[in-house]
Amino acid sequence: MAVTLYEKLMKNAQPSQWRKIVAENLDLDYCERFLTAAESAALLNYMEDNVSYFDGRLSQVKVFGQYYPIPRQQVAFGDTGISYKFSGTIVPAQPWPQPLYDLKKKIYTARGVDYNFVLVNRYKNGEDHMGEHRDDEVELDKTIPIASVSLGQTRKFVFKHTDVRKKIRQVELIKLDLHNGSLLMMNQPTNDYWFHSIPKEKKAKNVRLNFTFRKIK
């Protein structure tokens, strides 16, 4: 079988450089250049040309009993029979496309975690966003970090401590610029104590894709 251009790029990628980010009950590992520019472009082009995103109820979120459109596009992939429930919606995993399966294997090589599910979020521009939330669903394996790969437009990623949301005390926000080709590992106990979000950014004009790899029990 012929080796694809994408597979060649994955094979020839240079070693990654990691940065540790820690705060009170927050533990992150961030690699700004996990994917090369060529890898990132190949994957972004593949997704834009070949992938259809959810519509109907799967494109909505349930808040206080009412359904509202998600302010971005979503689709999910994973192992056979895997699904993920959040905000009143059960998201079924479609079969892995080869480029995403290759990305999953690349993360396994770098971090030793074999994920079985990925949620893809597409932000068409800075108007698309993600509200404050924690990835604390019961079907998640909490011992496994969540891996987040970003493509395209750089966007701000904001962490807010639960005590700030509850107005108990002041804790400094943690803000990261998630760049094209980057990988962020959210290690425990981060999701127990910190909410995260992608706020609106008027100056962000281009498409951003985000792949959050999870281990479903």
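Heads up, the Cβ atoms here are built off N, Cα and C, so glycines get one too.
TrEMBL: automatically predicted annotations, no manual curation.
Marked as substrate binding site by TrEMBL: TYR84, LYS85, PHE86, ASP136. Positions annotated as 2-oxoglutarate binding site by TrEMBL: ASN121, TYR123, HIS133, HIS196, ARG208, THR212, ARG214. Among the features that TrEMBL reports, domain 'Fe2OG dioxygenase' is placed at 114-217.
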Those binding-site residues listed as TYR84, PHE86, TYR123, and which of them has the most Cβ atoms within 10 Å of its own Cβ: TYR123
When distances run from the Cα of HIS196 (2-oxoglutarate binding site) to each of the binding-site residues TYR84, LYS85, PHE86, ASP136, the nearest one: ASP136
Top Cα neighbour of LYS85 (substrate binding site) in the set of binding-site residues ASN121, TYR123, ARG214: ARG214
Pairwise Cα distance maximum in Å, substrate-binding residues per record: TYR84, LYS85, PHE86, ASP136: 12
PHE86 (substrate binding site) versus TYR123 (2-oxoglutarate binding site) - Cα distance in angstrom: 19
Nearest-integer angstrom distance between the alpha carbons (Cα) of ASP136 (substrate binding site) and ASN121 (2-oxoglutarate binding site): 18
Mean per-residue pLDDT computed across the domain 'Fe2OG dioxygenase' (114-217): 96
Taking residues ASN121, TYR123, HIS133, HIS196, ARG208, THR212, ARG214, which bind 2-oxoglutarate in the record, the widest Cα spacing (Å, whole number): 20
Rounded Cα separation (Å) that holds between HIS133 (2-oxoglutarate binding site) and PHE86 (substrate binding site): 11
Number of other Cβ atoms within 10 Å of the Cβ of HIS196 (2-oxoglutarate binding site) across all protein chains: 22
Inter-residue Cα distance where the pair is PHE86 (substrate binding site) and ASN121 (2-oxoglutarate binding site), in Å: 14
Distance [Cα-Cα, Å, rounded] between ARG214 (2-oxoglutarate binding site) and TYR84 (substrate binding site): 10
All-chain count of other Cβ atoms within 10 Å of HIS133 (2-oxoglutarate binding site): 13
THR212 (2-oxoglutarate binding site) to TYR84 (substrate binding site) - Cα separation in whole Å: 12
